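Here's what TrEMBL has on this protein:
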- 68-85: transmembrane segment (TRANSMEM)
- 97-116: transmembrane segment (TRANSMEM)
- 105-483: domain 'Cation/H+ exchanger transmembrane' (DOMAIN)
- 122-143: transmembrane segment (TRANSMEM)
- 179-203: transmembrane segment (TRANSMEM)
- 210-230: transmembrane segment (TRANSMEM)
- 242-270: transmembrane segment (TRANSMEM)
- 282-303: transmembrane segment (TRANSMEM)
- 323-354: transmembrane segment (TRANSMEM)
- 366-388: transmembrane segment (TRANSMEM)
- 472-495: transmembrane segment (TRANSMEM)
Amino acid sequence: MSNGQYYVECQGNTSKSPDNERKSIVHKIVNALLPSSKSTQDADRSGSLNTCSGESVPLIFRGRCAQYAQFCVICASVWIVLFSVSGEQSLPGGNLFSLLVLFAGAVAGGHVFSLIHLPPLLGMLIVGGLLSNIPGVKVVGLGIDPKWSASLRKIALTVILLRAGLGLDPVALRKLSLTVFRVALIPCLFEVAANAVAARILLEMPWDWAFMLGFALTAVSPAVVVPSLLTLSDAGYGLDKGIPTLVIAAATIDDVFNITGFGVLLGIVFSQGELALTIAKGPLEMLLGIVYGLVFGVFLWYFPSKDNDNVSFYRTVTLLGFGLVAVFGSSMIDLSGAGPLGCLTVGLVAAFGWRKQRQAGEKDQVAMASGVLWMLFQPFLFGLIGAAVKSEQIHDVRSLGLGTAVIAVGQSVRIGASVLSVLGTEFSTKERLFIAMARFPKATVQAAIGGLALDMALAGDNPEFVRLGTTVLTTAVLSIIITAPIGALAIALSGPRFLNKLDRKCTDLENSESTNHPENAAMLPSDSEQIVVTIETTH
């Protein structure tokens with residue numbers, strides 16, 4: 001199939017490109033998970049010349065060369081505009097220059113990893129880490145303003161959570177509501193306890209500090225889990241039993257629980273604020289996030305009016321505005337756990353009403369717009385997470401090995417507890433293992449709260465607290481380095497093997513791939529441009 005469409009294999013109607021015959025099953029599965037660029041679909045990669053108006057087109061104006069040239073020209077144009085407006089901020093060492101280099105490097109890193117059939121976010125994380133730690137180039141990472149970094153990460157997280165809400169299945173969520181809480185809380189409690197005991201024994205931490213570290217290490221990363229699950233969901237994997245919806249919803253509750261637990265222990269250790277109020281923040285944040293999402297999600301059913309000529313544009317802008325207000329506003333009132341849950345809920349509720357208003361076969365323009373926004377903010381999110389990991393934060397070399405051991409103990413217990421949490425459900429053994437592995441990655445929360453205890457300790461004059469705060473930060477950084485890439489890779493590779501792929505008609509698959517999920521597009525081309533295939537897994 002041409003004209004920007006994928007080649008599709010399905011029963012009764014098969015259209016293949018010549019290269020598909022030579023691809024292995026694993027190659028096809030991995031390709032289906034990697035971002036692609038449909039705009040260069042018809043470029044001939046075998047070396048033959050494309051034609052335009054019957055004439056041969058030079059190499060630089062077609063295929064990959066054209067994409068690379070286009071990307072370089074765009075980056076150069078953006079830099080010229082930034083320099084003309086901001087001056088020194090757009091020179092080496094300046095904030096805007098550093099952000100532009102980070103963005104370009106993250107896009108390039110993600111592209112390279114996609115070419116070797118690995119999740120692009122791994123390349124983005126690594127590039128961000130290199131730009132903050134390699135002598136000579138770490139001026140880029142050091143030049144990024146922390147406030148800009150935090151704000152861009154929040155905006156990117158808002159976009160991906162809204163996309164997750166738009167893609168959640170309300171029927172599956174209602175059916176799995178009890179399972180969601182089991183999957184969210186049972187593994188959390190086991191991992192927190194395991195982390196605390198391991199920290200007490202191996203790192204010789206007091207019990208209050210050990211449990212604080214346990215909560216800090218237990219929170220899963222929505223920035224890694226949600227995009228990985230949405231990629232599988234877009235390809236049809238796990239939809240028959242609502243597994244992407246289950247894992248995404250559980251991850252959000254997981255984060256609220258662990259951030260609240262960390263805050264409680266932080267208040268106990270440093271004796272800040274009312275303990276009862278701190279404990280009550282968790283349920284309050286959950287309630288506030290759900291109510292916010294319900295109210296403004298229903299609001300979006302009616303405003304803007306569906307009779308408006310540009311209703312999709314106004315819906316997208318309004319939805320994004322509500323998401324940003326939830327994330328940034330909840331941080332301002334010190335109820336940061338409510339923001340992500342509010343984002344997820346407002347997208348879910350709004351999409352539920354919009355689906356009823358859409359005609360059969362009508363494109364989901366809001367989903368398309370959110371995909372474009374994610375394509376722009378994804379490099380910032382993972383690049384900045386990688387840049388937040390700085391080698392100088394690892395002060396105590398002795399604790400590296402012991403910290404790794406603590407992480408290994410906690411993750412091992414979590415995987416076992418995750419499998420136990422879905423016993424008695426309709427999930428198969430492979431699906432239970434996948435659910436356990438999908439909760440593996442750590443990144444966003446650890447980057448946000450890992451240094452809080454050390455910051456508060458440095459503000460005082462207790463050397464022992466400084467030592468313990470340093471250990472918490474060091475172990476949190478280690479958890480990002482170890483679990484984020486391994487977890488992302490495990491989700492990408494195990495999903496097609498462990499999950500069933502939902503049977504769809506050819507037309508349904510084509511429409512969903514070509515119109516409703518533009519996040520599959522990338523700023524640089526990859527080998528995955530050619531095909532989307534239906535591979536059925538066996539259990």
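From the backbone N, Cα and C atoms, a Cβ is placed for every residue, glycine too.
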Surrounding residues of the transmembrane segment (282-303) on its own chain - C-beta under 8 Å, 6+ positions past either end: 165, 253, 256-257, 260-261, 315, 318-319, 322, 326, 330, 335-350, 352-354, 357
Recorded stretch, among 210-230, 242-270, 323-354, maximising Cβ pairs under 8 Å relative to the transmembrane segment (366-388): 210-230
Tertiary contacts of the transmembrane segment (242-270), as residues 6+ beyond its ends and Cβ separation under 8 Å: 161, 164, 167-169, 171-173, 175-176, 179-181, 183-185, 187-188, 192, 208-209, 211-212, 215-216, 218-220, 222, 225-226, 229-230, 232-233, 278-279, 281-282, 285-286, 289, 336-338, 340-341, 344, 427, 431, 434-435, 438-439, 445, 449, 452-453, 456, 460, 465, 499
Which of 68-85, 122-143, 179-203 contacts the transmembrane segment (472-495) most, counting Cβ pairs under 8 Å: 122-143
Residue numbers, six or more beyond the limits of the transmembrane segment (122-143), whose CB comes under 8 Å of its CB atoms: 92-95, 97-98, 101-102, 105-114, 378-379, 381-391, 443, 481, 484-485, 488-489
